[in-house]
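These notes are about the structure you will find just below.
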Amino acid sequence: MEEILKSFKISIDNEGYSKSFSLEDLDNFNNNNNNNNNNNNNEENNPYEFFERYGFLVIRNVISEEDCNKTVGEIFDIIESKVKTFDRNDQSTWDQTFSEDGSSIPQYGSPSKPPIFKKQFLMNRTNPNVYKVFSKLLKNQDLMVNHDRACFFRPTLVNPKWKTNDNVHLDMNPYNWMGNGDICREELSKLTYARLGEFIVENNQPTQNDGLQLQGVINLLDNQELDGGYCVTPGFHTIFNEYFTSKKPQYTSPSWNFDKKDIAFKYAKRISMRKGSIVVWNQQMPHGSMSNKSFNPRMAQFIKIFPTSTVNSVRYQHRKNQIKSIIENSDELKDFPLNQISSQLLGLN
C-alpha cells in the first residue's frame, strides 16, 4: 500500500500553485469513468480522469474576487464580534483572535465552532459555479448543500505562537462507511436540527450505499505552499478498503484521525491554490491541514454538496424548517435571493 501512495506526485504550475483545472475543462471533457485508460497525459488534461486517479480536484476561478473579499470580511466580522480587542487591519491585535468561551476551535483556526450563517457564506454555498463543480463530478443535478465552518490561519513568521495543529483525518467512520449503512442511517434519523451543531453531524455519516460523496474547501486568499492549509493523501481511495480491513475495527467515533507515523499522514500533500479556487475530494480521502510557515494569512470556507436522495422526507422537513427560520429571523438574510438552484440546494423546496 505504501508504494502506491509513494508513487503519486502533484505537479506545480509556473506560479507555484498545485495542478488545477478551469470550469471550461469540466464542459470540454465527458465524465465517463469507462473511458479511463490510465494515460498520464490524459490525467493532466482531463479533470475527470485526474479526479478518478488522484481522488481530488482543484478548479480555479469558481468564486469571484469580490465574493472572496466579502467572505473574508464576514470571517473578520465574526472574530471582531467575539474579541473586542481584535482589529482586522492591525496584526499587533491578532494575538487574541479566538474567543475563550468555547465557541471557537483555535487549534484548527476556526473562529466559529457552530456552522456559519452569514449572507456571503450562503451565497457561496449556492453559487452556480460551485454547484456546477459538484453536479459534474457527481453526475447528479438534484443536490443539497451543507452548512459548515471557516478557518483563519495567522502568519506564524509574525508570531510563532499562532501555529495551528497539523492534522490528517477522515470526516467519517470508515467501518460504518463499509458496513450496510444501518448505523449511519440511525444517526441521521435522530437529527432535528434544533441545535446548529447537527448541521456538522450530518457531514460525518456517509455510507458506501450512498455512492460517491464529496467535500470541498473554497479558497479565499492566494495560498502558496508555506501559507499552510489544505492537504490530502493522493490515491488513498484506491487502497481504502485494503487499508482499513488490515486495522482493528472501531465503530463509535464519527471521524478518524491518522497518526503522524501513518502512511496516510506521511504521504499527505499540501495543495496550494489561487484565490477563488475550490478543491473537491472523495470523502474517502484522508485530508486536513498543515500549519502556516509564512507572513501570509490563510482563509477558507468548508463545504459539502450531496444528493438529495440521501435525505429522507422526515429529516428533509426538519432541516427545511430550521433553514427557513434562520433566514426569516436574520436581518441580513431576509433579502437572501432565492431561485431554483438556491432553493433546491438549501432544501427549501
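Cβ from N, Cα, C; glycine included.
Note that the structure is predicted; figures quoted are calculated from it, not measured.
Features as listed in Swiss-Prot:
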BINDING   Lys118, His169, Leu170, Asp171  2-oxoglutarate binding site
BINDING   His169, Asp171  Fe cation binding site
Residue among binding-site residues Lys118, His169 with least C-beta crowding, 10 angstrom cut-off: His169
Close in space, distant in sequence - Leu170 (2-oxoglutarate binding site), Cβ under 8 Å, 6 or more apart: Ser255, Trp256, Gln283, Gln284, Met285, Pro286, His287
Cβ packing number for Asp171 (2-oxoglutarate binding site), 10 Å threshold: 21
Most distant Cα pair in Å, residues Lys118, His169, Leu170, Asp171 binding 2-oxoglutarate: 27
